[in-house]
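Working notes, structure below.
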Amino acid sequence: MSRSLNDISLGARLYDRLEAFARHSEDADRLTRVFLSKEHRAAAEELLGWMRDAGMKAHIDAIGNVVGRYEGLVPNAPCLMMGSHIDTVRDAGKYDGNMGVLAALAAVEEFNKAGERFPFAIEVIAFGDEEGVRFPVTLSGSRAIAGTFDQTTLSLTDKEGKSLRQALAEFGCDPTRITDSARRRDQVLAFVELHIEQGPVLEAAGLPVGAVTAINGASRLSVEVKGTANHAGTVPMHLRRDALAAAAEMMLSVEARGRAEPDLVATVGRVDVLPGAVNVIPGLVRFTMDVRSPSDSARRRAVADIDRRIAEIAAARDVGIAITLTHEAAACRCDPKLIDAIGRSIARTGLAPMTLPSGAGHDAMAFARLCPVGMIFVRCEKGISHNPAEAITVEDADAAMRVLLDFIRHFDASTLTRPAEDRPAA
C-alpha cells in the first residue's frame, strides 16, 4: 500500500499509542514501570490484546516477556525477531524501550491489515527487565530468550527482600520453566531493535533515523586516592599530600584520554571526598570511571593508558592509589549486512543514511551469539533520555515506521553471517 510523503498517519498513531501506554505507571504524574510490578502486568495485558488483534499468537513467558508471533507463508518458519523493553527507570521518559516494542507491533498491524505474509515469521517481544531497577541484574528477559539466563539471579532480592523467584511466581510466571523461553539458533534469523538514540548525534546531523554499527563495550572502575588529611592553614603547599588535588589531575587525564580517540568516551561520574571539611586538606578521595567504545581493543587500551597516567600522577604527588575493575561488558557489533540493509531502507524512504555507534546498552546485546543483530536509532530531542523531558516528534516517528516497514519487506536472511558458536560478542 503506497503512501504520500506528506502522510504521517503511521507516525501519529505510534506517537498517540506511546502517549497512552505511558499511563501504566506507579505515579499519575510521572512514568515509573518496574519489572514484575502491577503496572508491568497491566502494560503486558494491554500488549497481549493488541498483538492478538494484529493476527499474532501471543503469551507471557516464564520470565515476564510478552511474546507475539505473526506466522509466515509457511507455518513454524524461522523468525525475524524484533522488540525492546517496557520496563523503565524511575521518573522516566515515554519512548525508551517502549517505542521499539510499539513500532514493531504497528508494523505487524500494517501487514495483517494488508494480508501480507513473508517467507519468515515475525516475532515481537516486549522484554520485562532491561533497566535493572528492581533487582541488581539487567537484560533478564532478553537473556532468557537468547538462552543465556543465569539461574543464580533468581535468588537476588529487591529492596523489600523479595527474591526474583518469588516475584516471578507472584506475577503468574513459573521460574522453573525459564529455560523453555530459550530459542535455538535455527529458529531466529536476526534480531533487530528500533530505539531512540538517547544521545545528540542524529539531532546534530539533522537526521531522524540512523543505522547502528555497534553497541559500545564498557569498563567501569573505582579509584581510591589516599593522601594525608591535615590542617588547611598550617601545612605549606609544597608539603601537602592532597588527595583531592591529585584526584582532580587524574580526572582531567580521564577526560583527555576520552577526547583523544574517535568513538571513545570516558567519564568520571561520582566523587566522594573525605573528611569533607572546609578547613581540612582532603585525605581520601574515591571516584568512578566509565570507559566505552565500539572497539573492545580500543577500550582496553584506553583503560590501560589511564591506569598508567593515574600511577604517574600518584607518584609525582606522593599519594597512594587503588584501582578496582567493577564491571566489564564486551562490545556487540551489528551485522554488516543488516547495517547495509537498514541504510538502504533509510535511502528508499528519501532520507540520507547515517551510521553511528550506541553508547548505551540494549537488549540487542544479549543476542550477539544467537543470531545477527541490527539496530535502528530514532532522533530524540537534545539527546535527553531517562528523564521526563525525553521527546520525539510525530514526523520522526513516521520516518522510523517507514524505514522499519521497508526493512522488513526487503529482509533477506540469506545474506547474513551466522555467529559462530564460540565467537565472542565483539
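Any Cβ shown, glycine's included, is placed from N, Cα and C.
Annotations in TrEMBL come from automatic prediction, not curation.
For His85, Asp96, His195, the entry in TrEMBL reads Zn(2+) 1 binding site. What TrEMBL lists as Zn(2+) 2 binding site is Asp96, Glu131, His386. Under the heading allantoate binding site, TrEMBL lists Arg220, Asn279, Arg292. According to TrEMBL, the feature domain 'Peptidase M20 dimerisation' maps to 215-315.
Here the Cβ of Asp96 (Zn(2+) 1 binding site) has 26 other Cβ atoms within 10 Å, regardless of which shown protein chain they belong to.
Under the three-state DSSP scheme, His85 (Zn(2+) 1 binding site) falls in the strand class. For the recorded site, Asn279 (allantoate binding site), the DSSP three-state label reads coil. Within 10 Å of the Cα of Asp96 (Zn(2+) 1 binding site), not one of the binding-site residues from the list Arg220, Asn279, Arg292 places its own Cα. Listed binding-site residues near Glu131 (Zn(2+) 2 binding site): His85 (candidates His85, His195, Arg220, Asn279; Cα-Cα distance within 10 Å).
A Cα-Cα distance of 20 Å separates Arg220 (allantoate binding site) from His386 (Zn(2+) 2 binding site). According to its DSSP assignment, Glu131 (Zn(2+) 2 binding site) is coil. The Cβ of His195 (Zn(2+) 1 binding site) lies under 8 Å from the Cβ of Ser84, Asp96, Gly97, Met99, Gly100, Ser358, His362, Met375, Ile376, Phe377, Val378, each on the same chain and at least six residues away in sequence.
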